[in-house]
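A.B. asks: Sharing a structure with you now.
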């Protein structure tokens with residue numbers, strides 16, 4: 001598949017003068033080796049302990065410590081998501097920056113190193129999977145294909161099976177699952193499995209409700225996402241900011257997905273990878289976002305919260321919620337990945353940013369298209385290429401391969417697979433690209 005995708009794309013050029021920052025664990029070690037920095041850092045930690053920001057800044061000794069540390073490696077340090085000492089790194093970062101920004105900023109700067117690379121290789125793979133056979137593409141469930149691809153990778157299959165099992169385990173009649181353990185297992189999956197698998201599960205494109213419901217069920221929402229009552233969004237944000245890891249992931253999401261009209265894609269730096277990666281980083285916390293329904297005509301993302309009871313903070317609450325529900329950067333990034341069209345592959349004069357169409361009615365509550373309904377080893381031997389029409393090897397596993405038509409009929413007998421008529425022009429465009437690639441792909445496939 002990597003050979004089909006073509007040569008890897010070079011990383012995006014970093015801004016002039018930019019250099020990778022020192023991670024905060026290393027910066028702390030450097031500070032500890034310098035008596036002046038070390039003493040000031042201890043002073044600042046004492047200043048922050050049990051005091052609010054205004055009290056701290058009123059103390060001259062605390063002010064002096066903060067001023068000195070702003071000139072040290074600690075002030076410019078950053079962390080890498082998934083690094084071995086990530087939590088320790090983030091604790092060090094916020095020990096400096098909480099004294100500067102607490103209570104002042106609606107959006108906080110990300111403590112993570114900026115993403116300077118692109119996802120062109122993965123976008124090309126998504127394009128190949130969705131357009132290899134135009135006739136089969138209209139019937140294919142790309143989210144099911146993504147699950148099969150994950151099951152063919154030992155690490156992805158193991159961690160995915162782990163979180164599905166944990167999040168689906170009922171504890172009692174009143175407690176359907178352990179939400180805390182479910183979130184931990186989800187964080188491990190999205191932190192330890194490469195984006196070429198996790199992104200395809202989260203952002204697969206869908207043309208029928210069965211596929212869209214499978215996409216919505218990716219994170220087992222009955223445990224990880226939904227709850228009896230929706231909390232107020234500002235309360236949810238406040239609880240997230242009280243935890244260093246959740247606070248960091250939320251700040252990273254705002255940094256990389258905050259809609260801007262100064263770019264073609266509405267994303268900062270036209271970087272889809274950074275936005276999609278920071279979205280995935282929010283999964284596994286109480287503020288976990290997800291698709292609100294199985295609509296195939298629009299993409300609406302939201303955390304499980306509402307702005308009821310916000311009082312005089314309702315405007316601020318609505319602003320926070322719209323960063324998910326009405327975010328053109330996030331929506332364009334998801335749609336681009338599903339269509340296999342990274343920014344690097346876009347035409348010179350791209351169409352304006354895609355806007356959401358009116359939502360179609362949600363599926364009935366009794367529709368069951370959960371991960372466990374299809375997977376758990378049943379379809380692990382089927383590949384996306386087999387779904388495209390290639391015959392599987394003669395073996396006992398052959399009977400375990402299901403077509404999308406069978407799945408749609410079994411799970412949703414009243415639903416029929418259909419193709420969105422508005423997708424015709426994009427399908428024709430993909431067909432022309434595939435015809436262009438045929439002379440190149442045939443030798444590579446050995447046909």
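Glycine is no exception: its Cβ is also placed from the backbone N, Cα and C atoms.
Okay, so TrEMBL annotates it like this:
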DISULFID  31-37  disulfide bond
DISULFID  143-204  disulfide bond
DISULFID  150-156  disulfide bond
DISULFID  167-182  disulfide bond
DISULFID  177-223  disulfide bond
DISULFID  206-211  disulfide bond
DISULFID  233-305  disulfide bond
DISULFID  240-246  disulfide bond
DISULFID  257-275  disulfide bond
DISULFID  267-329  disulfide bond
DISULFID  307-317  disulfide bond
DOMAIN    24-101  domain 'GDNF/GAS1'
DOMAIN    143-223  domain 'GDNF/GAS1'
DOMAIN    233-329  domain 'GDNF/GAS1'
CARBOHYD  339  N-linked glycosylation site
CARBOHYD  393  N-linked glycosylation site
REGION    350-370  region 'Disordered'
A.B. asks: Between residue 167 (disulfide bond) and residue 177 (disulfide bond), what is the CA-CA distance rounded to a whole number of Å?
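C.D. replies: One finds 6 Å between the Cα atoms of these residues.
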A.B. asks: What disulfide-bonded residues among 150, 182, 204, 206, 257 are found with a C-alpha within 10 angstroms of that of residue 223 (disulfide bond)?
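C.D. replies: Matched disulfide-bonded residues: 182, sequence order.
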A.B. asks: Could you count the residues of the domain 'GDNF/GAS1' (233-329) that DSSP puts in helix, in strand and in coil?
C.D. replies: 53 helix, 9 strand, 35 coil
A.B. asks: Taking just the CA atoms, what is the gap between residue 150 (disulfide bond) and residue 143 (disulfide bond) in Å?
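C.D. replies: For residue 150 (disulfide bond) versus residue 143 (disulfide bond), the Cα atoms are 11 Å apart.
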A.B. asks: Taking residue 275 (disulfide bond) as the reference, which of 267, 317, 329 (the disulfide-bonded residues) have a CA within 10 A of its CA?
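C.D. replies: Correct set: 267, 329.
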A.B. asks: So which of the disulfide-bonded residues is most packed in, judged by how many other Cβ atoms lie within 10 Å of its Cβ, out of 37, 156, 257, 307?
C.D. replies: 257
A.B. asks: How big is the gap, in Å, between the Cα of residue 206 (disulfide bond) and that of residue 339 (N-linked glycosylation site), rounded to a whole number?
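C.D. replies: The separation of the Cα atoms works out to 10 Å.
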